[in-house]
Amino acid sequence: MKKMNLVTAALPYVNNIPHLGNLVQVLSADAFARYSKMSGIETLYICGTDEYGTATETKALIEKTSPLELCNKYYKIHKSIYKWFNIEFDIFGRTTNKHHQDIVQNFFLKLEKNGYIKERETEQFFCNKDSIFLADRYVIGECPECQSIAKGDQCENCSKLLNPIDLINPKCIICKNKPVLKKTNHLYIDLPKIKRKLEKWIKNSTTSKNWNTNALKMTNAFLRDGLKERAITRDLKWGIPVPKKGYENKVFYVWFDAPIGYISITKNLVKNWESWWKNNEQVNLVQFIGKDNILFHTVIFPSIEIGSKENWTILNQLSSSEYLNYENLKFSKSEGTGIFGNDVITTGIPSDVWRFYIYYNRPEKSDFQFMWQDLMERVNTELIDNFSNLVNRVLTFQKKFFGDVIETIEIQNKFWKQIIPKYNKILNLFKKTELKSALKEILKISSLGNKIFQDNEPWKRKDSSPQETKELISNLIYLIRDLSILMMPFIPETSKKIQQFFGNSYQFSTKILGTKSGIKRIEFTEILFNKLEQKKINNLKLKYSGEKNMEEKEQPENLFREKVLLKVVKINKIERNPEAKNLFILKLDDGTNENKQIVSSLEGYYTEKELLGKHIIIVDNLKPAKFRGIKSEGMLIAAEDKNKNFKIIIVEDSIKNPIPGERIILENDQNKDLICPPKIDINKFSKANIVAKDGELKINGINLILEHSKNKILSKDIPNGIVC
């Protein structure tokens, strides 16, 4: 029988601030670890930040810092948020610790020695300007499905999973130049060769019965579809070096090194780390993850351990939750939607209230939508009107009518006969990591305590039957003590406060549940929680709905910045649409060596000779459209005055030698990192409200300029008017 619980929460990636949904795993593991320790089981709770890989390298480029400095910054942010939530890690480390490289490389060398590593030649995008192979998320272009700007792994607009080669007009995210496909060698773990041993381990009844249904279904489906060799190396700089000749400029894929971080983080801080990680006979490895991490913990990490042929502690109990979502919206810092860890701290709502609500709605079997109104209702009814009310009414009654001293009580067997079986059920739910169910069973006991108090009407019987009333209140006091123990994994600060009410006269141990001695007096009492008010909840809902930011976002200059992409192009050739002679087909040079064309109704305004060879400005991210069967990939911009006079903006009026492909930006956006806007329709462009004023193009008084030369965009022929 296994005697030790090794508890892990999925290592959070350290390139962002965790939102409420991200906190589910660390909170879940925290509750289980606290329960385990209260039960007298030797327990170690491990977590830490996952710091290597593409996302970190990319974010460091965006923030103009080094990957390590970025990790240092976000590690501190994560740690401070978890501390506020009162998450009691035994170890909270980092995958950049001093032991991580050695352990990862040793795993690789063992796998290679045992014949589980293969070498393959593949094609990958390479940026000639930056002299690097581009990871999937380093490539941007148009999604082939919806034409929005997308990264090479997935389109955020339509959610389509992509390969970089699927993108239309792919570009390097760093320099915006077009990459080329280049051959490169990578190492793969031979999962098909490990499959039989992996399946034998999975089918072991002691393992599979301790997994959630979603984990079993997903893992079995993955195995049924057939395991494939999986790349374990990447052409990056930020990662663990590959100890193999010819691979000096490559690192291990983050999914390969990250789960090994559980081990290295332990070794970095625990001397007897092998008694935890090389002790599969006695150690019960309990892992808490989200459903997006299931296969890494049920297939990949176990395969690495099995393939090493060493006695590593391997996954036994897996708690894989579904998603916690937000008000039917997407968590997004930039959009101001959803509440993130640092936001929670500023709400004025105590951490135990947040913990309670997350556990109460823990997405164990289905996704859950966080709703502000539901938060208020659940907290006010279950946490306050039920649990907190029982504590307050019983202790207040004792102090008011019988004083601070608790007399030795007569055990009311009928009372406890209802309660004790429920304790056993709750402890079993904890053991099975069914935390939401455990909490709701505890609240049922609290509700029963309130009912017993109400039904016995002690305020009426205190004078006529003082001894019976004292015994009733004393039994309820011991029930409150037990509830504080059972609630300790969920709301630790509140449980400690109740313990202080009784002069710290007991320990948080499951062994004393149901005992009726040890409490001598009530030292003090106070209200545990204040009710959440509707006005406060309404304000918080508005604050984190994105609506408060909408007015600012709808300002024309912000719309332009985020939605409109203007570029300089040169007119190389002009044709007429054979079916509509008034339509000019302009063949353009946009600096990318790609054939681009737009269709515009210019008959009566210009001749071909007047425009050929000129540089104009187009809306480059307009959704493609067809005019009389001819595709148009943008729209030229022109100025129009109040008399309906119409003139195209000619860039030669602003600068002597225009450069095709140069972007038009707001003057106050100089030297800033600019986003690549998605495809838009004409209405979005119109809302930018570009005008010609005193011969210069402006938005809300801000000049439009050429990005590199900084020259202002001029409207020579129509000094005042609208731009259309």
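Just so it is clear, glycine is given a Cβ too, placed from its N, Cα and C backbone atoms.
Given the ranges 175-179, 330-334, 630-634, the record in Swiss-Prot names 330-334 as motif ''KMSKS' region'. Check Swiss-Prot against the ranges 12-22, 584-594, 650-660 and you find motif ''HIGH' region' recorded for 12-22. Applying DSSP to the domain 'tRNA-binding' (560-665) sorts its residues as follows: 11 helix, 52 strand, 43 coil.
Taking Cβ-Cβ distances under 8 Å and a sequence separation of 6 or more, the neighbours of Cys155 (Zn(2+) binding site) in its chain are Cys143, Glu145, Cys146, Ser148, Leu162. When the binding-site residues Cys143, Cys146 are scored by other C-beta atoms within 10 Å, Cys143 scores highest. In the predicted model, the domain 'tRNA-binding' (560-665) has a mean pLDDT of 90.
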